[in-house]
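Written out below as structure tokens is the structure these notes cover.
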Number of protein chains: 2
Amino acid sequence: MSYVAPLKDMLFVMNELAGLSEVNALPNCEDATPETVEAILEEKAKFCSEVVAPLNHSADKEPSSWSDGKVTTSKGFKEAFRQFGEAGWQGVQHPVEFGGQGLPKLVATPCIEMLNSANLSFALCPLLTDGTIEALMTAGTEEQKSTYLTNFISGKWTGTMNLTEPQAGSDLALVRTRAVPQDDGTFKLSGTKIFITYGEHDMAENIVHLVLARTPNAPEGVKGISLFIVPKFLVKPDGSLGERNDVHCVSIEHKLGIKASPTAVLQFGDHGGAVGMLVGEENRGLEYMFIMMNAARFAVGIQGISIAERAYQQAVAYAKDRVQSRDLAGSAGAVTIIHQPDVRRMLMSMRSQVEASRALAYVAAAASDAGHHHADEATRKTNQAVYEYLVPIVKGWSTELSIDVTSTGVQVHGGMGFIEETGVAQYYRDARILAIYEGTTAIQANDLVGRKTSRDGGAVAKGIIGQIHKTETALAAGTGEYADDLQAIRKRLVDGTRALDDVVNYVVANIKTDIKGVFSGSVPYLKLAGVVLGGWQMARAALVAVDKLKAGEGDAQFYKAKIATARFYADHVLTQSSSLRAAVVEGSAGVLALTEEQF
Amino acid sequence: MSYVAPLKDMLFVMNELAGLSEVNALPNCEDATPETVEAILEEKAKFCSEVVAPLNHSADKEPSSWSDGKVTTSKGFKEAFRQFGEAGWQGVQHPVEFGGQGLPKLVATPCIEMLNSANLSFALCPLLTDGTIEALMTAGTEEQKSTYLTNFISGKWTGTMNLTEPQAGSDLALVRTRAVPQDDGTFKLSGTKIFITYGEHDMAENIVHLVLARTPNAPEGVKGISLFIVPKFLVKPDGSLGERNDVHCVSIEHKLGIKASPTAVLQFGDHGGAVGMLVGEENRGLEYMFIMMNAARFAVGIQGISIAERAYQQAVAYAKDRVQSRDLAGSAGAVTIIHQPDVRRMLMSMRSQVEASRALAYVAAAASDAGHHHADEATRKTNQAVYEYLVPIVKGWSTELSIDVTSTGVQVHGGMGFIEETGVAQYYRDARILAIYEGTTAIQANDLVGRKTSRDGGAVAKGIIGQIHKTETALAAGTGEYADDLQAIRKRLVDGTRALDDVVNYVVANIKTDIKGVFSGSVPYLKLAGVVLGGWQMARAALVAVDKLKAGEGDAQFYKAKIATARFYADHVLTQSSSLRAAVVEGSAGVLALTEEQF
């Protein structure tokens, strides 16, 4: 099944909702002109469709394999990754001084979406390298940057994140890997790391692990964790590769999905100690890793949108092709199943959630750009705070809905969806990891409740809610041919926003006195925020579409479809807000009532 | 991971909600005394835990395999099936005259639940044989019954349902398999059937296919389909096996889940024609097949409950075992994750949906028993109508929620859930077929809207709603220690019932004038009916539990947990009713607005 990048929707969202022209006007974003951006997206779309997407299903059937410490990636991956690096795709959002293109996050985001739609397993390798680059940019020395970044950005080397240990998953306080200082300023690391994505593979000359470990006498818990660079091959002063380091892949996992992406168990220091270089200051490792994780969390949110888009495309194609049953409205003979109302409902459910989550993520990316580049410091701060509020929502909500959307994609196919050859079952399997890695949905939700809502007394959330009220006012003013749609959307958005406001008030008011009660509603709060903020974007999109149609500009069919999709989202998705509100504000009694023994 | 049958909850539901003593008082149900039933359930629980459950994961890793027309089932299946047959488990609900135990459906239902919890792939073989038995009981000649039923019930032979063809899935009007009459009264069949569960295997001496086919000059469409018996080995007049028939398994499918259950492509008549015997009258095949399908649909609904229960058990065990992060309320050191509020929320979500769907299914089974056995004809009719209303709900709702529950089971495990060795990913894969086979959720929903609601002007639905109002009144009268819980449950149930009432009115009022609009809400209607009727059962359960606690009877911990679970369900699941109502009553505009080209 082929993949066609949804360039029209991507560009609509970038231009009309996320404000590409405002981003382009920011300092250091001058290169991101509409023409350049469109050209980049078209080129990336071509690469993804022609080179990467065709490897998706075959790689699932013949996953990466381990033998004697070495991992052979699926057929075609090595060559595709070479082309990826040579074309400069690793560097889209990274600094020009290290060979990148230095483009805004808003431009990098659709590029990442496309690569992940084409092949989630393949795209994970550059995704992790992106995180490594961000961490070294923030905390690395000039020497570390010059040694590693150019090689990352050219695609010669790749990066990994080494957090998890068998006893330390979500809870990094439990990390045990040891790092002992040596006379030459390096450290010797020993320990076991698990779930290391692309921890070993054959696509790059070198693999650079960023590893969390404890130095001797470090404090207990998360305040005693430091970050180290541990390259597979040590790098000589002249930049060439030296000795093999003492880090070895002892096995890879047998997984439900993303089978072509090798998930390694790495053993550090079994033969004398793996040589590591401290990044930044001792005991501040978690802080640096959070930089990497925040970038990765946003990207994993994009993965949710990507896999949902891919599933949607294949479901539409099948629904237009499969002939079965007559049209309810009364044709003779059998028709394609896209004529069946429930198939329509399923496709609209997929489509509307993909479009809403894409719009929210791109808007978040634009906020990140303004947060980094805006000339005015106060504006930078406001935008950065909005971005940080949105990151757990983009990550948690987009990935959770990707499970639902890919499941619906299977359902549209009926029995054929359950047969692996059809390919849609793979999306369902692949999607399932997204709500787990880089912090489970509960971890995202805890972040939303704690650092992002209660810490500032709900100020950022309230600021966003104030913005939504402006959209509600604009909807209320809607007249003409699409007034019914706009009023229906307004009604649902008003209800949803009120629910979100209630929940924010509840969280802020109760977190001190009833911490378990508040956290028992953290995931419903996250989902509510996603549903409402996604609905807000769909409402904004509908308003733009109505204006364009009135003005007679652009593709009328596209804008009409956008209005109908926003209407569907309002009546079928935004309506979930009352139930999610109840789960948070009135739902904790049932969550916490049982004793452990009663389970 | 072991399986322990939830006998306490099963017996509670049977005795307190489904009325086992009333069923026991029905004519021909005298054997189903509480003591006998408990003994049977304990014995079945033992068999399932000790013999069948241990084969579940190993069989997923080494599925049934095809070679040269023969299927070898997974290791241990053949021996387990021999024991299953010898112990008489195939015959629980079937007539004594053919070797069965003749017990009510209410008693067979928990037996089926346990077998499917233990091993969904294994349980499918007897599930299909049950359907074959039902069809032959209804439409078979005395000779056909005496030839086949005893061998089915003893476990010597197994049965299959042959409906689907490559071009005819949900739409049986498109069936093309031909059956040509012969001089000796038999027919010669030719054609291809796909998706035939246990269409070929090595666990029984003979496999008896019930096959839909067209005779020459049969009318077009569903009115020209007849039903035939096509045994793998022809049966001689003395009952012994004769010639190999011309039906051959040309391949089995490579599937997302239930991998140990062989899904066959069967080729009929490639070597001169497969010998078939007509069942009942010509051209009435679909009618007979519906008997088989209705039994199978109910059983597939039970499969949803089964796999959800299994996933719940493993999630609870992991949550009690896995140590990670400190208790939010402030312990030092890390604690087991069952202390985390969101893990609680996930476990309660799983638990409450399992209990609600089990209760509704068992209540439906009791209605079926009264529908068959009650001395009073009017009471029989009323109960049969209730059962028939509930079948698509039990099938559609229980299987849809099993996707959600098994997905949550993966999430509770975090990264370990994505590793196949853990075993919970298998439940997630296995569950995905349940909302598809024996009629997709949309097919169930169409049945609910059409035959089960609009045909009688909503009379049966309204009758059930009237019953719910009685429960609401009882909840309103609740006082004492659990009054808060009962009032909270009442509030949600009242809202849910009103939503269901609105939807039934909407369906009845609009089906003639806006058929596509009504059917675009068919699946939300089905889910709403499941959510509300399940919530009704949980409310009834809470009332019983409060009474038992007041009276100081039974296991207080069990009853307290039941009240808390009902409360959780009310605040987190029943609250979805407003959104589902909106999707039906106000949601059709968005579903149907796009043209085919706009997708």
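Cβ from N, Cα, C; glycine included.
The model shown is predicted, which means the values in this text are computed figures rather than measured ones.
TrEMBL lists A:35-156 with the feature domain 'Acyl-CoA dehydrogenase/oxidase N-terminal'.
Taken from TrEMBL, the feature domain 'Acyl-CoA oxidase/dehydrogenase middle' applies to A:161-270. The average pLDDT the prediction assigns to the domain 'Acyl-CoA oxidase/dehydrogenase middle' (A:161-270) is 96.
If you look up TrEMBL, you'll see A:283-448 marked as domain 'Acyl-CoA dehydrogenase/oxidase C-terminal'.
Residues or ranges marked as domain 'Acetyl-CoA dehydrogenase-like C-terminal' by TrEMBL: A:466-594.
Helix, strand and coil counts from DSSP across the domain 'Acetyl-CoA dehydrogenase-like C-terminal' (A:466-594) read 108 helix, 0 strand, 21 coil. DSSP states for the domain 'Acyl-CoA oxidase/dehydrogenase middle' (A:161-270), grouped as helix (H, G, I), strand (E, B) and coil, give 7 helix, 54 strand, 49 coil.
Per DSSP, the domain 'Acyl-CoA dehydrogenase/oxidase N-terminal' (A:35-156) is made up of 89 helix, 6 strand, 27 coil.
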